[in-house]
Amino acid sequence: MILVIDVGNTNIVLGIYEGKKLLDSWRIGTEIHKTSDEYGMIVNQLFNFSNYKISDINQVVISSVVPTAMYTLEHMAKKYFKCEPLVVGPGTKTGINIKYDNPKEVGADRIVNAVAAYELYGGPLIIVDFGTATTYCAVSKNGEYLGGAISPGIQISMDALFQRTAKLPKVELVKPETVICKNTVNSIQSGVIYGYVGQVDYIVSKMKKEMGDDKVKVIATGGLAKLIAAESQTIQIVNGLLTLEGLRIIYEKNKQGLGD
Ligand SMILES: Nc1ncnc2c1ncn2[C@@H]1O[C@H](COP(=O)(O)OP(=O)(O)O)[C@@H](O)[C@H]1O
Ligand SMILES: CC(C)(COP(=O)(O)O)[C@@H](O)C(=O)NCCC(=O)O
Ligand SMILES: [K+]
């Protein structure tokens, strides 16, 4: 069994795979001040609760866009799982040819998503990941990572509105019935959610045009994917487990070189 860990700016998602099968997954908050021992104890409790043993795991695979948390989790893997974790980065085999100006600059989560989506659905495709930030990534028919776009995430857009105004409250991210709203709470929900749907459909349509292909598949993932996909005209597939799947596939591609 392997333990895969995806460290985002808001959440750390952990999953256990046996072969291709995801046995369990958990989501915990990303806290850069937590120590490797604290993370070790959280993982230990999650394992205990679900009746898994730390010793069942023969490899830990990590992708992170938060460097401090990555070092902490690497250390956690060494200390508690007695293994040298596979950390997605330069040198990791992915099967994806990165066409970014500087390939090292691309967030590991974006690469991992691209690996998963390309393997599961085939290219050409666009991945939209609704995390802390929203990322758009284009992958060609031949598996080239063409690049994409990054915008402020839905929750942080909403948080900024609350923080920088005197009278606007913090509201729940739910879709109001109508776009024209008659109270402040619904008006904010309307602007943020329908505005976001517009952003997604506009960017995806422009990306498709630049890719010069009508058969581009559009896959959404991340904490808030379902909310937007329900309203979007361009998103075709929602796969909330894309990053975990990508980590499993990357493990398969790299396991020969690992010491177990
Ligand atoms: N299961 C969920 N249901 C609804 N919202 C979620 C869920 N998981 C995460 N979120 C929200 O999605 C946003 C972050 O998504 P996530 O994909 O975990 O981000 P990151 O990868 O950047 O840590 C946050 O605003 C969080 O509150
Ligand atoms: C864009 C991101 C902040 C998204 O992270 P997330 O929302 O998943 O926490 C992350 O992928 C990142 O730090 N990327 C580096 C810059 C780039 O991809 O070009
Ligand atoms: K993410």
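Each Cβ is built from the backbone N, Cα and C atoms, and glycine gets one as well.
Because TrEMBL annotations are produced automatically, they should be read as predictions rather than curated entries.
Here the structure is a predicted model, which means the values were calculated and not measured.
For the ATP site, TrEMBL lists ASP6, VAL7, GLY8, ASN9, THR10, ASN11, ILE12, VAL13; matching the candidates THR72, THR92, THR94, THR132 against that entry yields THR132. Note on proximity: among ASP6, GLY107, ASP109, THR184, the binding-site residues of the record, the Cα nearest ASP129 (K(+) binding site) is that of ASP109. Listed in chain order, the residues near the ATP site other than ASP6, VAL7, GLY8, ASN9, THR10, ASN11, ILE12, VAL13, THR132 are THR30, VAL65, VAL66, ASP109, GLY131, each with its Cβ within 8 Å of the site Cβ centroid. Taking GLY8, THR10, ARG110, ASP129, THR132 as the candidate binding-site residues, the subset whose CB lies under 6 angstroms from any atom of ligand 1 consists of GLY8, THR10, THR132.
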